[in-house]
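Visitor: This is the structure, below, for whatever I ask next.
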Amino acid sequence: MQDEVVLDCLIRGGSVVLPDRVHSVDIGIRDGVIAEISPDIQTSAKRTIDARGLIVMAGAIDAHVHFNEPGLGDWEGFETGSAALAAGGCTAFIDMPLNGMPPTVTVDAMNQKLDAAKAAGVHVDYALWGGLVPTNLDDLEELSDAGVVAFKAFMSSPGDMGEGSFKEVDDIALFEGMKIIARKNKVLAVHAESEEIIVALSEKFEGRKRRTAKDFQEARPLAAELDAVRRVLLFAERTECPLHLVHISSPQAVDIIWEAKLNGVDVTVETCPHYLVFTDEDAERLGALAKCAPPIRGIRERDGLWARIADGKIDFIASDHSPCPPSMKANADDDYFGIWGGISGAQSTLELMFDEGHLERGLPLPALSRLLSEAPARRFGLYPRKGRLAVGFDADIVLVDPDRPRVLQSEELLYRHKQSVYVGRNFRSKVQLTMSRGEIVYTAEEGVGDKRGGQWIRSMPELVRKRLIL
Ligand SMILES: NC(=O)N[C@H]1NC(=O)NC1=O
Ligand SMILES: [Zn+2]
Ligand SMILES: [Zn+2]
């Protein structure tokens, strides 16, 4: 009898993170999808990966990155950004509609972004956000049909990126935009901080010789987040627009969102690693690299966010990777307000959450995998293709060594600019291998491959509006 090869790849002997448990099983892959999951698969395979001692998880899905192309590719690009994601165990991402030029607020701009992605080459699969700004209400429907998976708006200023910059919405544009997006059955994500409060409180610091990190925190208090969250939840209730709250920095906001959810509002909430691993004191010590909005809060907020994760009240975790050239983080000691606000960190999300969530705080791995993969996949219509290790799903898989301690060095980073707030931090876990639709895109030994086979994922409207909380 001939020994017929029927699997392309077999991942053998790992601890596999399934939706409800961690199980010692093998994974067989054929034609880029998971063909079999069972103990001790005997089918022959072209390639076998020895995963003994390793954790095998669904690749992370980073729903919140800013890759800056077209237009501002010297900040970050599709190739470098996605290489960093692959090295960090991430197998799909959704690129934000801003921090590139033009911002993705029209179909023409969306096509320019797709061209930029194709020209650069992308290591893992990707989807796109469309923007909601005061001037593009008439473009939303077309943009939705063209394939953006969801929309994003800012309630406070996103920072100035020059001529043609993305603009925050006023309440009317937000309310009207939500009605249109609701009709298109898409989700609107919102950066929720009150512009009115921030502008008023920032005035006090204008003209000062020195403006510090502490001043910045004072100008963007928790009240600014809570006020905006309440307002947009009210709009979501009235318009029935599915809402997603990005980078929520406080358990107080999570509790307000949870209450709305219990009252039937279709809302999800994300937080980011930086709010889970740092406090305001860390942010002051770390300086420019830790500047972000909303700002990093106190230790009670940090621990309160972990408690809400344990309670299942936070839907998912995303990086909000928002890098810039190093020159834009300079002179922070003189004027912290003047430097770019945004954290560079997407390569570290999975390892940080593995260390701090699972190893330190005992978060079960299936829950971690839900936060990193399944929940974002469901919310933005990538599920049931992505988001789980299950037969028929894309073979988007990451192998993690749970005990490979090291101090993160900048040379390890694959971003355009090898700087990150996490450089110098002690890590315990390390991504060993990342696979995208059955192709190995990263190994710890050999780095990122040169295939750049990432594909654009167009929205699948009928799948978008799946409730996460049953
Ligand atoms: N424009 C932009 O990316 N802003 C992001 N940076 C940040 O720290 N918070 C944001 O919303
Ligand atoms: Zn934001
Ligand atoms: Zn962002």
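Each Cβ is built from the backbone N, Cα and C atoms, and glycine gets one as well.
Annotations for this protein, taken from TrEMBL, read as follows:
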BINDING   HIS64, HIS66, LYS152, ASP320  Zn(2+) 1 binding site
BINDING   LYS152, HIS191, HIS247  Zn(2+) 2 binding site
DOMAIN    55-441  domain 'Amidohydrolase-related'
MOD_RES   LYS152  N6-carboxylysine
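I'd like to know what surrounds each of these features in this structure.
Guide: DSSP gives LYS152 (Zn(2+) 1 binding site) a strand state.
Of all Cβ atoms in the protein chains displayed, 24 besides its own lie within 10 Å of the Cβ of HIS247 (Zn(2+) 2 binding site).
A C-beta separation below 8 Å, combined with a sequence spacing of at least six in one chain, links LYS152 (Zn(2+) 1 binding site) to MET96, PRO97, LEU98, TRP129, GLY130, GLY131, LEU132, LEU188, ALA189, VAL190, HIS191, VAL246.
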Visitor: Given the binding-site residues HIS64, HIS66, LYS152, return the subset with CB under 6 A from an atom of ligand 2, ordered by sequence, or none if empty.
Guide: none
Visitor: Which binding-site residues out of HIS64, HIS66, LYS152, HIS191 lie by ligand 1, going by a Cβ under 6 Å?
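Guide: If the test is a Cβ under 6 Å from any atom of ligand 1, the answer is HIS66, HIS191.
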Visitor: Do you know the mean pLDDT across the domain 'Amidohydrolase-related' (55-441)?
Guide: 97
Visitor: What is the interatomic distance between the Cα atoms of HIS247 (Zn(2+) 2 binding site) and HIS66 (Zn(2+) 1 binding site), given in whole Å?
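Guide: Per the Cα atoms, HIS247 (Zn(2+) 2 binding site) and HIS66 (Zn(2+) 1 binding site) stand 13 Å apart.
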Visitor: Using Cβ atoms only, which residues of the same chain lie under 8 Å from ASP320 (Zn(2+) 1 binding site) while being at least 6 residues apart in sequence?
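Guide: ASP320 (Zn(2+) 1 binding site) has long-range Cβ partners HIS64, VAL65, HIS66, VAL246, HIS247, CYS272, HIS274, CYS292, GLY342, ILE343.
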Visitor: With an 8 Å cut-off on Cβ distance to the LYS152, HIS191, HIS247 Cβ center, who else from the chain surrounds the Zn(2+) 2 site?
Guide: HIS64, MET96, ALA153, PHE154, ALA189, VAL190, ALA192, LEU245, VAL246, ASP320
